[in-house]
Amino acid sequence: MRKAIIAGNWKMNNTISQGLKLVEELKPLVADANCDVVVCPPTLALDAVVKATEGTNIKVGAQNMHFEESGAFTGETAPAMLEELGVKYVILGHSERRQYFGENDADLNKKMKKAFEHNLTPILCIGETLEEREADVTEEVLAKQIKLDLAGLTEAQIAETVIAYEPIWAIGTGKTATSDQAEETIAFVRKTVAGMFGAEAAEKMRIQYGGSVKPATIKEQMAKPNIDGGLIGGASLKAADFAAIVNFDK
């Protein structure tokens, strides 16, 4: 039985003080959660949020990292820096990173491998654009991302990996894939992973849905057999909304 995982991606929102206020509001609301709870603040707030969540059931994730150990990469964050802070998760390949910062699958594959070297659980984002969905090439697009991003990982690493399926057309648009659409696509993702790494690893891997997830939609999504959680954007910026999603089973 896979344990659900709900992760909040704050994106470029919340100063350190605002983030700490949000965490303090959130702590009592999710203390009895039956799922893994992760918050992903901006890089500058990671240290403060890790300290603020010590001794709680809230884990902290980063929104990105570099694939090199160190070096002349101005403005970047090394995996060892995240590990030393006590960060446990890292979002890799978010569609905004792919779209605005030119991230590609070859670099993401390096990042995946580097995350495991530094005890960071990757939340790998994959997804198709509206044009790709309307052209009926969703499965081809996702299969290519999966094959390139996961190449060379071990079965044990695959079992630990979290994939977030985020249809790009549903991010921040208010549009949401129906729960049936999400389930069908996520089942395909799991099948593709099984073809590469075997059914056992694929069955252990947790796959989230991301794309305008709200308290009103989470219950129906989580009732589906292949959906193991959510990567939450806008709704993670309000403690009550995020807690309502985290406590979807109550």
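The backbone N, Cα and C atoms fix where each Cβ goes, glycine too.
Take the substrate site that Swiss-Prot assigns to ASN9, TRP10, LYS11, GLY172, GLY233, GLY234: the candidate from SER70, SER212 listed for it is SER212. Taking Cβ-Cβ distances under 8 Å and a sequence separation of 6 or more, the neighbours of HIS94 (active site, electrophile) in its chain are ASN9, GLN63, ASN64, CYS125, GLU166. Using a 10 Å radius centred on the Cβ of GLU166 (active site, proton acceptor) and all shown protein chains, the other Cβ atoms total 27.
The number of other CB atoms found within 10 A of the CB of LYS11 (substrate binding site), across every protein chain shown, is 18. Take the mean position of the Cβ atoms of ASN9, TRP10, LYS11, GLY172, SER212, GLY233, GLY234, the recorded substrate site; other residues of that chain with a Cβ within 8 Å of it are ILE171, ILE232, ALA235, SER236, LEU237.
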